[in-house]
């Protein structure tokens with residue numbers, strides 16, 4: 001081998017580093033954070049993350065430009081689609097009650113580099129999302145005062161004509177972010193109390209809108225004379241669904257907060273289900289009364305609800321709507337500031353991000369450094385940048401996280417379950433017994449070997465029909481089927497999204513491609529379903545695996561393909577920056593990297609029964625104990 005060139009063994013070792021998994025610890029209730037959040041706290045955090053400015057702006061935009069009164073169907077379909085992703089988060093959040101959300105879920109099932117990239121994108125999602133909401137909050141308040149704040153700033157500082165920068169510095173948006181960061185740094189209890197207050201006001205205002213809206217409803221506004229219920233047809237409903245889907249992306253704050261929940265195994269799935277139901281009900285009912293109060297084609301997209309009440313002679317109701325809108329945006333702001341430092345804390349605690357962000361304040365028991373640093377960064381973005389061009393960039397990071405979490409659910413279900421971290425030795429008997437361990441290099445012989453089927457093996461009832469799969473080692477056929485499932489989902493999504501006109505295929509070619517992609521997708525799904533899964537856990541589990549996460553993967557892929565190419569270019573650039581951070585810092589400081597040298601020198605332990613209560617433990621060296629270092633290979 002030429003000097004200086006890495007050997008095959010070194011390359012394999014490098015790939016193992018990239019794909020190493022974080023051990024899935026079932027007993028993970030111990031934490032340096034304070035477990036003080038109840039189911040109600042988590043539910044209101046989720047509602048606050050989902051029911052924000054979208055209710056007051058998005059509803060009117062989709063109704064007027066995309067779906068008409070059928071906007072309620074768009075919200076319904078979007079809620080069902082979000083439910084698929086929410087179920088995946090619920091299972092992981094209950095089973096792994098640690099902070100980190102999609103980052104942690106990917107780390108324990110798919111590998112380190114994938115987890116870092118997901119965490120890196122979620123970080124940007126919260127950073128830009130919080131800044132965008134702060135600017136929307138500032139703009140809404142400025143509009144109430146007839147844009148006097150903007151006029152004052154422009155008259156004293158002038159108008160900026162620099163690309164990517166705002167036309168004027170938004171000091172109000174930056175100020176509200178700094179104030180909110182100060183409150184969030186006081187502890188989870190203070191953040192929860194603020195969120196309770198704003199969420200309660202927001203829900204009361206929503207209830208007021210629904211009740212008064214139904215009183216003022218005119219069924220004639222859905223008649224054929226006004227364009228009918230679905231003036232844009234089925235395609236308009238689907239286009240509205242793609243937009244409405246982003247109204248439900250805030251539920252992951254619940255999973256990110258699971259390490260501070262009192263009873264996460266029960267509270268996390270319950271809070272996700274309740275908050276998603278409340279948010280879906282609010283969006284569907286508000287969109288219904290909005291299009292019943294006034295004709296859909298006369299709506300003002302910028303302030304649809306306030307304008308609708310004004311048209312019906314209830315201008316005073318516009319003030320109540322404004323109060324509800326401000327409170328709703330406050331809850332979204334708190335949700336972003338609450339979640340972002342905890343994602344960074346999880347990455348720093350694992351060694352993949354700078355260690356300073358893993359520090360927890362001894363009194364408030366929150367990652368105060370991350371809160372203040374990223375609160376200031378968020379304030380700078382809101383102060384200086386024009387965020388309109390970056391808003392769509394948020395969706396791709398969210399959808400990618402949803403896709404990886406759904407894939408991780410399939411991986412986890414077909415993996416062999418990890419045993420307890422401190423297994424009790426069984427009483428000695430006449431035969432050797434075997435214990436599994438987190439490490440591949442440690443084996444305790446002490447539990448009787450059985451021939452029971454393991455996760456990843458073909459179901460016994462199907463062996464006569466699928467015998468060619470029975471020869472595969474456990475998990476091999478599952479891994480191939482999952483890879484083919486994801487590839488076929490991308491192919492099928494391309495066919496469905498771009499259509500015959502964009503692909504420039506003859507009709508028969510388009511139909512053939514659709515049939516082949518669909519058949520491969522279904523076949524890989526059936527192969528996955530033909531294998532054993534883990535036994536039912538004590539915590540919440542998704543029904544119909546692998547069907548439910550597979551549908552989530554397909555849907556998320558379709559929505560990602562509908563994004564513009566500029567969004568994809570920005571996304572690729574951000575990924576490249578993340579790879580520089582990972583290879584420059586994360587891969588060398590990873591806690592799993594520090595664990596590996598110990599694992600390489602760990603002996604195998606065999607328990608020999610002695611016929612008494614005492615057992616003799618002897619160290620048995622592996623067959624190839626000392627790894628040979630090859631030239632050009634550096635650890």
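Placed from the backbone N, Cα and C atoms, the Cβ positions cover glycine too.
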### Query
transmembrane segment per Swiss-Prot sits at which of 478-498, 604-624?
478-498
### Message
At a Cβ cut-off of 8 Å, and with pairs 6 or more apart in sequence only, do we get at least 3 pairs between the transmembrane segment (42-62) and the transmembrane segment (270-290), yes or no?
### Response
yes
### Query
Do the transmembrane segment (270-290) and the transmembrane segment (66-86) share at least 3 Cβ pairs under 8 Å, sequence separation 6 or more?
yes
### Query
Sequence-remote contacts (6 or more beyond its ends) of the transmembrane segment (197-217), Cβ cut-off under 8 Å?
44, 47-48, 51, 55, 278, 282, 285-286, 288-290, 292-293, 305, 308-309, 312, 314, 317, 320-321, 323-324, 327-328, 330-331, 334
### Message
Return only the integer: C-alpha distance in Å from residue 146 (N-linked glycosylation site) to residue 221 (N-linked glycosylation site).
### Response
31
### Query
Taking 3+ C-beta pairs under 8 angstroms (sequence gap of 6 or more) as contact, is the transmembrane segment (365-385) in contact with the transmembrane segment (539-559)?
no
### Query
At the level of the C-alpha atoms, what whole-angstrom distance separates residue 151 (N-linked glycosylation site) and residue 195 (N-linked glycosylation site)?
32
